[in-house]
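Inspection log for the structure reproduced underneath, given as structure tokens.
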Amino acid sequence: MWWDERVSARFRRNLQPTLTYWSVFFSFGLCIAFLGPTLLDLRCQTQSSLSQITWVFFSQQFCLLLGSCLGGVFKRTLAQSLFALFASSLAISLVFAIIPLCHNVVVLAVVMAVAGLAMGCIDTISNMQLVKIYQKDSAVFLQALHFFVGFGALLSPLIADPFLSDTNCILSNSTANASSNLPHIRKSLVPHHPGNLSHYDLPMKGMVVTRVSYAFWIMALINLPVPIAVFFLLYKERMVPCFNSSSHPLLSADELAMETRPTEKDDLSTAVQRPQAAGGHDDLFSCCQSKNFRGASYTYFAVHITGALVLFMTDGIVGEYSGFVYSYAVEEPLSVVHKVAGYLPSLFWAFITLGRLISIPVSYRMKPATMVFINVVGVLITFLLLLIFSHSVVFLFVGTASLGLFLSSTFPSMLAYTEDILQYRGCATTVLVTGAGIGEMVLQLLVGSIIHDRGSYSFLVCGMIFGGLAFTFYAFLLFFHRMYPKPSADLDDASPDKPAITDDTGQYQR
């Protein structure tokens, strides 16, 4: 195997929870990408205008960010985390089943807000739990976790495509004129950003003819095994009511031999501290309490802030690029035909998914810090080349694929690197997830307004600036890493700078 036996033994011991967290992240991906291609059919279903229906995007994204901030609340015990994941994954299946019954745009926005909250909780809790289980070995498992997001994001549009209306799904006297714009509008509705669609006039009254309900019911069925898998994990851990007796399997002789460290001679007090090894991963509001800052050095805060700023930029690039690359391609000077330009967001997400798959074995052989460096430099060089060859349609496709590859592993690599710097203390997971979510929302709005005022060329200029800022913040993170206090027995127990005592057995702690 391409990894060593120690990591393999830890993976086998935590196989069920690891696979469960991966499957829950598949739900996240399935839910994040379906809204763009189905939004026109949902507009028909709710008989609303384009400007009204695009508020559904905002309700989902805003509540996703809110859910990411609140997700850390449920980390205090394993039972709370698993029950939150069970409720969130089940809520996503229910949302898919309920969407066809929403005939009012406000009701649809509320339902998508619930889905956003569930997605935010999944995002924070799954990352936290994998870091807790694998700690210094978490990089490869985080890469796999984020691969499943991309896989789900690719699958849901494919499921929806056969059921999308070929012509305008509200039949009226103006249907013929409106239908000619339909392919252009639908390609503008990419997973992250609806674009500026206010100048399109589609009928709001008439007979509704859409089959998109079948797509949502299929996705609800596909997602249903995920909450079932979480429930089985709860049952195995004896956390289901009436089955709450604890029972932990013993390590086999071979696993024990590989997991045992020279720390066997540690005293009893050290052994008692080990269940607290993964502590410190609080929700965003708990992180801001003054008691968590006592005794902390400035580098403790600097690592959190610079790590979050790197992801603010890189995840923001993911959102703004996937949202506006189509609009950029169809405008001057490229003037790509709408059907061809429609492949660009799909190509971008396909290479993000491919990059995450490739990063799974690569992350075991390469340090997270090195992977992040390659990612931010690659993003910067790609945008530079896109600016140089801004009149080349071929290079736009090549650059889109390259950008997807370089951005694919940035989040899990940065999360693993930052947690490693902080010795799995502090609030790195929550702060980084929140920073990435804010960046995805803010940079989309910023780039959209700049393109509207300055023209399509500013799309690449913005990307270049954001890539440069990501590299700058990463350089600051490397500097603060060198300044961060090394593990020392003299550090005070209450200090956030005190290193965590890692549990090398890799046992699934309650």
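Cβ from N, Cα, C; glycine included.
Here TrEMBL flags 21-40 (among others) as transmembrane segment. A Cβ distance under 8 Å defines the sequence-distant neighbours of the transmembrane segment (21-40), meaning residues of its chain 6+ beyond its ends; these are 53-54, 56-57, 60, 64, 85, 88-89, 92, 95-96, 112, 115, 118-119, 122-123, 126, 129-130, 144-146, 148-157, 159-161, 164-165, 169, 182, 185-186, 189-192, 194, 202, 212, 215-216, 219, 222-223, 225-226, 229-230, 349.
As annotated by TrEMBL, transmembrane segment applies to 52-74 (among others).
What TrEMBL lists as transmembrane segment is 81-99 (among others).
The transmembrane segment annotation in TrEMBL covers 105-126 (among others). Non-local neighbours of the transmembrane segment (105-126) in the same chain are 21, 24-25, 27-28, 31-32, 35, 42, 46, 48, 52-53, 55-56, 59-72, 74-75, 81, 84-85, 87-89, 91-92, 95, 98-99, 145, 429-430, 433, 437; each lies 6+ residues outside the stretch with a CB under 8 Å from one of its CB atoms.
The feature transmembrane segment is assigned by TrEMBL to 138-159 (among others). Sequence-distant contacts of the transmembrane segment (138-159) (same chain, at least 6 residues past either end, Cβ-Cβ under 8 Å): 3, 7, 11, 18, 21-23, 25-34, 36-37, 126-127, 130-131, 191, 215, 218-219, 222, 346, 349-350, 352-353, 356-357, 359-364, 368, 371, 408-409, 411-413, 415-416, 419.
Long-range contacts of the transmembrane segment (214-235) within the same chain: residues 16-17, 19-20, 23-24, 26-27, 30, 34, 38, 79, 82-83, 85-86, 89-90, 92-94, 96-97, 99-100, 155-156, 159-160, 162-164, 243, each at least 6 residues beyond the stretch ends and with a Cβ under 8 Å from a Cβ of the stretch. Taken from TrEMBL, the feature transmembrane segment applies to 214-235 (among others).
Residues 192, 352, 372, 375-376, 379, 403, 407, 410-411, 414, 417-418, 421-422, 426-428, 431-432, 434-440, 442-444, 463, 466-467, 469-470, 473-474, 476-477, 480-481, 483-485, 496-497 of the same chain sit 6 or more residues outside the transmembrane segment (298-318) yet have a Cβ under 8 Å from a Cβ within it. Residues or ranges marked as transmembrane segment in TrEMBL: 298-318 (among others).
The transmembrane segment annotation in TrEMBL covers 340-358 (among others). Long-range Cβ contacts of the transmembrane segment (340-358) within its own chain (Cβ-Cβ under 8 Å, at least 6 residues beyond either end) map to 33, 143-144, 146-147, 149-151, 153-154, 157, 183, 187, 190-191, 318, 321-322, 325-326, 329-330, 396-397, 400-409, 412.
Among residues of the same chain six or more beyond the transmembrane segment (370-389), those with a C-beta under 8 A of the stretch's C-beta atoms are 139, 310, 314, 317, 359, 362-363, 395-396, 399, 402-403, 405-407, 409-410, 413-414, 417, 460-461, 463-464, 467-468, 470-471, 474. If you look up TrEMBL, you'll see 370-389 (among others) marked as transmembrane segment.
Look at TrEMBL and you will find 395-417 (among others) tagged as transmembrane segment. Same-chain residues lying 6 or more positions outside the transmembrane segment (395-417) and placing a CB less than 8 Å from one of its CB atoms are 127, 131, 138-139, 142-143, 145-146, 150, 307, 310-311, 314-315, 317-318, 321, 325, 329, 334, 336, 343-344, 347-356, 358-359, 362-363, 367-369, 371-372, 374-376, 378-379, 382-383, 385-386, 389, 428-429, 432, 436.
For the transmembrane segment (429-451), the list of distant contacts is 61-62, 64-65, 68-69, 71-72, 120, 123-124, 127-128, 131, 192-193, 195-196, 281-284, 287, 304, 307-309, 311-320, 323-324, 327-328, 411, 414-415, 418-419, 458-459, 462, 466: same-chain residues at least six beyond its ends, Cβ to Cβ under 8 Å. What TrEMBL records for 429-451 (among others) is transmembrane segment.
If you look up TrEMBL, you'll see 457-480 (among others) marked as transmembrane segment. A Cβ distance under 8 Å defines the sequence-distant neighbours of the transmembrane segment (457-480), meaning residues of its chain 6+ beyond its ends; these are 299, 302-303, 306-307, 309-310, 313-314, 316-317, 320-321, 324-325, 327-328, 369, 372-373, 376-377, 379-380, 382-384, 386-387, 390, 418, 443, 446-447, 450-451.
Per TrEMBL, region 'Disordered' is recorded for 490-510.
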